[in-house]
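So that you can see what the record holds, here are the features copied from TrEMBL:
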type: REGION; residues: 1-26; note: region 'Disordered'
type: COMPBIAS; residues: 1-12; note: compositional bias 'Polar residues'
type: REGION; residues: 198-281; note: region 'Disordered'
type: COILED; residues: 301-328; note: coiled coil
type: REGION; residues: 358-381; note: region 'Disordered'
type: REGION; residues: 432-451; note: region 'Disordered'
type: REGION; residues: 608-681; note: region 'Disordered'
type: COMPBIAS; residues: 608-617; note: compositional bias 'Polar residues'
type: COMPBIAS; residues: 629-649; note: compositional bias 'Low complexity'
């Protein structure tokens with residue numbers, strides 16, 4: 001008897017054989033080394049594991065037992081054969097990554113082993129992984145875990161058909177998934193190789209560009225520092241030159257102010273004389289107007305006064321504007337000459353021609369300005385001459401009326417004398433104010449000169465400070481550049497080490513994947529071989545049942561003919577005598593009247609029961625197998641109605657002809673055709689369900705493929721930021737795990753739906 005047992009110290013299940021201790025737990029492997037109690041630090045143990053379920057869990061996950069043992073750092077140092085500091089750092093990273101992967105693999109194989117124990121104790125259920133369920137349903141797993149398969153019951157026989165189909169579908173699905181995984185793995189390896197090569201090329205190019213950039217930056221920095229020092233020296237020299245020039249300009253400006261004051265005094269005297277002449281002309285004009293009429297005289301006097309005032313104002317404004325323009329042009333010329341002189345002093349020898357051209361241009365402009373001024377003076381003198389002529393003509397007209405204007409002249413003279421006194425007072429006030437302004441300006445210039453001297457000294461001190469600061473910054477920049485170069489080399493070395501470790505992990509994962517695929521392939525091959533044997537046995541049993549059915553049919557036909565022949569003889573001879581081999585199974589009831597028909601009582605399944613007595617086990621299997629398919633009306637009768645009465649009037653010989661006797665069997669053939677049509681409908685319905693499930697699974701796989709392409713695109717975009725790339729990789733790994741779990745759940749739901757469909761379509 002096969003029964004699950006539990007070890008005393010490790011929880012392993014063992015096989016207990018029948019006998020006096022049947023049904024009891026027998027501890028056959030007290031010293032079994034399992035995944036829960038093996039020594040993780042002993043790498044010299046032989047064997048590391050000897051528990052069957054622990055070894056089977058490792059094989060199912062493609063993990064070797066020695067991969068679950070802790071390795072010290074010296075083990076990786078000996079395997080790497082490196083003595084440099086960066087090699088030791090790389091070996092430390094490899095050891096840490098190995099320990100992390102070892103912990104993950106140890107958790108996985110322990111979980112797989114616990115699933116195997118749970119499957120042996122509680123049986124297979126939907127919460128288990130597909131790997132565990134496939135192993136438990138395989139003949140190897142069933143034999144190792146103690147699962148017994150019964151072939152005597154109807155449910156097990158019917159389940160064998162669905163198991164064969166399910167295993168075939170699972171094998172095809174696994175083969176397709178393996179092909180897809182291998183293709184994806186191949187694409188991933190190709191992409192990884194391309195990315196690795198591209199990364200190395202980019203790193204080499206980046207290193208070359210970085211070196212060139214560092215050299216160019218150093219050269220530019222030296223040139224910039226040299227140019228900055230030259231500019232600062234030139235600026236200091238220029239500042240000294242500007243101070244000297246400003247001092248000279250201040251002296252020139254002071255002399256120019258004195259000359260300007262003298263010219264202003266002369267201009268004021270000339271304006272006073274012109275004003276007196278204009279006033280006399282106005283008086284004469286008023287006297288001439290008063291001769292004609294006093295009202296007209298007053299009007300003309302006011303008009304003449306207004307015009308004279310406007311003329312005087314225009315003349316004053318014109319003179320002031322001309323003086324202002326001349327002063328502005330002279331100042332601009334002086335400033336331009338000063339700027340040209342300063343600029344010429346700071347440029348090279350070849351700028352002399354340009355300076356001469358500028359001086360010639362300035363002289364030409366000054367000459368042109370002087371010519372325009374002379375033309376304007378000539379025009380003004382012409383206008384004054386014209387005014388004088390007009391005044392002369394008016395004077396000749398006014399002389400006739402001078403006597404009448406004597407009194408007015410006296411009054412006007414008095415007012416003029418008063419106005420002259422007021423003007424003289426205002427002029428003296430302006431002179432005093434101008435002298436005060438000149439003194440204030442001289443004091444301001446002396447103050448500015450002192451400030452310029454202090455500024456010059458301050459600029460020299462700042463220049464020395466800047467030179468020392470520039471030297472200090474240059475040294476600091478050189479140190480920073482050296483530190484950045486070292487940091488960059490360390491970062492590149494760390495990335496290369498990380499890439500190498502990832503490649504080693506990928507190679508290890510590929511080897512583990514190949515082992516898992518090989519294990520699943522062997523497991524599926526054993527299941528397929530066992531299913532083929534079971535299918536062959538089922539075919540042989542079905543052929544045997546068909547032959548047995550034909551024999552039963554022939555025997556029943558022969559017995560029927562014998563019974564009909566006996567009934568005919570009994571009708572003729574009036575003796576109810578049956579053959580001895582039929583007397584035990586036939587009950588004859590005599591008719592109550594002579595005209596009553598003879599009734600026949602037969603037991604339809606006597607022959608079948610007689611045959612089954614010789615081999616009850618084979619008959620049980622045959623009945624179990626045939627009960628799953630629609631049979632004839634006689635076969636579908638219940639056991640309680642096994643003995644039924646069939647009334648057939650026997651009046652002539654043709655009633656017992658072979659044509660009549662074959663009627664029930666022709667109806668059975670028609671029923672058999674209907675059964676085949678129903679079988680075809682059931683197969684079509686199952687195939688339609690499979691097609692729908694395949695379409696749904698294909699749609700999910702296409703969505704996952706599209707999502708994987710999107711993930712790769714996002715990873716390529718985030719290749720510059722290492723932290724963002726690591727975060728996205730973790731997020732994408734979780735998404736892939738969820739997608740894989742979703743596909744496994746969908747596959748399980750498809751299997752359950754298909755099994756339910758088969759059970760629903762199978763006739764009871």
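Using the three backbone atoms N, Cα and C, a Cβ is placed for every residue, glycine included.
All TrEMBL annotations are machine predictions without curation.
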Long-range neighbours of the region 'Disordered' (358-381), counting only residues six or more past its ends (CB under 8 A): 318, 322, 326, 329, 333, 336-337, 340
PLDDT averaged over every residue in the coiled coil (301-328): 79
Long-range neighbours of the coiled coil (301-328), counting only residues six or more past its ends (CB under 8 A): 260, 267, 271, 274-275, 278, 281-282, 285-286, 289-290, 369, 373, 376, 380
For the region 'Disordered' (358-381), residues assigned helix / strand / coil by DSSP: 24 helix, 0 strand, 0 coil
The region 'Disordered' (432-451), counted residue by residue under DSSP: helix, strand, coil: 20 helix, 0 strand, 0 coil
